[in-house]
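Colleague: My structure is below; once you've seen it, I'll send some questions.
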Amino acid sequence: MRPNNRELNQVRPVKITRHYTRYAEGSVLVEFGETKVLCNATVEETVPRFLKGQQQGWVTAEYGMLPRSTHSRMQREAAKGKQGGRTMEIQRLIARSLRAVVDLKALGERTVTVDCDVIQADGGTRTAAITGACVALHDAMSKLVADGVLKENPMKGLVAAISVGIVDGNAVCDLEYVEDSNAETDMNVVMVEDGRLVEVQGTAEGEPFSHMELLQLLDLAHQGINQLLDAQRKALGL
């Protein structure tokens, strides 16, 4: 039996709270069960040097975990003087996922940075971050339209992500920490509204997984992400 008696294909309760902080152009607290991530989107009237004069914008992301977001305190990466490989991998994943649903030409020469800070971690922090960051980004873009800076929202749609895996021989959706730490196979899937995939990260922690198991996991992810997309649309009133 899964934690909280969930079915194999059942996602955790999802809550998306918009306008969570005061200053950011887009601010969302996203909750996947006990995993909670704060996503703040900031708009700046500048672009990276490699995009100067290209008449297009940029979307990027940063990711971090608060020291006591886990069972025992972690040292802040700032105190260590460098970011870890996991952090850099995750924030690049978030940024790639967001850029997949933005018309960068329509954004103009602006940069939107989405800061994703994990307040509490219980598995699936990167997938929750992507799902919440998309809503924060949508709000930031909508503000540019409302303020008369842009004529149309550059968002081409929504993107969401979920974890799937094989635990005790069963394919399961939206893994909690206790499942993730014991999974034979762990996979993160990022998908846009029409079902196309942005990224699939899959690893066999023990026994290799079969082609049929891969297809089963992707089907589970598709079902779960559709529920997340529904939650995003409901939060945004779309």
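Each Cβ is built from the backbone N, Cα and C atoms, and glycine gets one as well.
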Colleague: Return the residue out of Arg86, Arg99, Arg110 that Swiss-Prot annotates for the same phosphate site as Gly124, Thr125, Arg126.
Modeller: Arg86
Colleague: Give me the sequence-ordered set of same-chain residues, not including Arg86, Gly124, Thr125, Arg126, with a C-beta within 8 angstroms of the centroid of the phosphate site's C-beta atoms.
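Modeller: Everything else in range on the chain: Tyr63, Ile90, Val118, Ala121, Gly123, Thr127, Ala128, Ala129, Asn188.
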Colleague: Show which residues of the chain containing Thr125 (phosphate binding site), separated from it by at least 6 in sequence, have their CB under 8 Å from its CB.
Modeller: Thr35, Val37, Met65, Ile90, Val118
